[in-house]
Amino acid sequence: MEIKPSRIFSTITIFFLCLLLAHVTSKASSSSLCNGSVAECSSMVETEEMSVIMESWSSQRLTEEQAHKLSYGALRRNQPACDGGKRGESYSTQCLPPPSNPYSRGCSKHYRCGRDS
């Protein structure tokens, strides 16, 4: 069974038009909640905007506070933060990441190194 591309396009177009219609009607119904004066409606909108700002601010503060806390696993005794290495080595030797671009290139003829001259 073969479906024509024009049929798929029309189906997708109808679907998005339905979504657009639902979005527009929901916006229209939410904006028609205020039946008072312009001042009353504007103060109601400002209050709603302020509550959204306050919610985002408080959630941002909570995430910032949680980012600075240590986990209980980090507080265990005799547990190095990294692999630790051999006995007698400092714990921090294994914490360094491997070099991102180690030098592994040879000497080309262009540079006329001592061995190629």
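Backbone N, Cα and C define each Cβ position, glycine as well.
Features as listed in Swiss-Prot:
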DISULFID  C82-C95  disulfide bond
DISULFID  C107-C113  disulfide bond
CARBOHYD  N35  N-linked glycosylation site
REGION    77-107  region 'Disordered'
SIGNAL    1-26  signal peptide
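Structure with Swiss-Prot features highlighted.
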residue : record         : DSSP class
C95     : disulfide bond : coil
C107    : disulfide bond : coil
C113    : disulfide bond : coil
All-chain count of other Cβ atoms within 10 Å of C113 (disulfide bond): 11
CB contacts for C95 (disulfide bond) [other CB atoms within 10 A, all chains]: 13
